[in-house]
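Enquirer: Next up is a structure, given as structure tokens.
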Amino acid sequence: MLTPILALTALALIAGALLGFAAVRFRVEGNPIADQVDAVLPQTQCGQCGFGGCRPYAEAIAAGEAEINRCPPGGQDTVQTLADLLGVEPLPLDEERGEAPHTPQVAWVDEAVCIGCTRCIQACPVDAILGAAKQMHTVLKGECTGCGLCVDPCPVDCIHMVPVDLDLAEWHWPLPQNDTARREVA
């Protein structure tokens, strides 16, 4: 009775040691440049750049497959920060992708008009819209990134982008990085 238990324990220890060695030996490192670029992007996950989100866009920039000027939510400030980070010339913002918002915006649902079709919920990349089929929907203001992807799918046009008051009670966007923090990322 004791022999099978000891044999299985020994096999488990050997398999665990082999898996541990393989995890260390064959570890896949992430691209540190893509990590730095991703830290600069606004994380709206809007897809206006032509990629599925901010991380795929950062990986394309790091691989040299995409220009640094394709992020309308980040605006020209993000283009300048990316140019400084990568040591390239800043390009003007690609206006074909959309305009940079002058003030942060969030989605607002006119609940009296909402028919509960759930199309906006499916379109939201950050799950900032609450609701169920045939029920009214609402936007979690603190979670909304202002990408606007929920506006077009709405069949009754009850979703509007409204500016956010820029006071301390409503400020949910990351503060601008100073030069010291930027050097730590680099």
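For all residues, glycine too, the Cβ spot is worked out from N, Cα and C.
As annotated in Swiss-Prot:
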type    : residues                       : note
BINDING : Cys46, Cys49, Cys54, Cys71     : [4Fe-4S] cluster 1 binding site
BINDING : Cys114, Cys117, Cys120, Cys154 : [4Fe-4S] cluster 2 binding site
BINDING : Cys124, Cys144, Cys147, Cys150 : [4Fe-4S] cluster 3 binding site
DOMAIN  : 29-88                          : domain '4Fe-4S'
DOMAIN  : 105-134                        : domain '4Fe-4S ferredoxin-type 1'
DOMAIN  : 135-164                        : domain '4Fe-4S ferredoxin-type 2'
REGION  : 1-23                           : region 'Hydrophobic'
Enquirer: Need this for a regression test: binding-site residues Cys117, Cys120, Cys124, Cys144, Cys147, Cys154, filtered to those with Cα within 10 Å of Cys46 ([4Fe-4S] cluster 1 binding site). What's left?
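Expert: Hits: Cys124, Cys147.
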Enquirer: Measuring Cα to Cα, how many Å separate Cys124 ([4Fe-4S] cluster 3 binding site) from Cys154 ([4Fe-4S] cluster 2 binding site)?
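Expert: The separation of the Cα atoms works out to 12 Å.
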Enquirer: Around Cys54 ([4Fe-4S] cluster 1 binding site), which residues of its chain at least 6 apart sit with Cβ under 8 Å of its Cβ?
Expert: Asp38, Leu41, Pro42, Gln43, Thr44, Gln45
Enquirer: Counting only residues 6+ away in sequence within the same chain, which have a CB under 8 Å from the CB of Cys147 ([4Fe-4S] cluster 3 binding site)?
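Expert: Set apart from Cys147 ([4Fe-4S] cluster 3 binding site) by at least 6 residues yet with Cβ under 8 Å, we have Thr44, Gln45, Cys46, Gly47, Gln48, Pro73, Pro125, Val126.
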Enquirer: Using DSSP, break the region 'Hydrophobic' (1-23) down into helix, strand and coil residues and give each count.
Expert: 22 helix, 0 strand, 1 coil
Enquirer: Given a 10 Å Cβ-Cβ cut-off, pick out the one of the binding-site residues Cys71, Cys117, Cys120, Cys144, Cys150 that has the most other Cβ atoms nearby.
Expert: Cys71
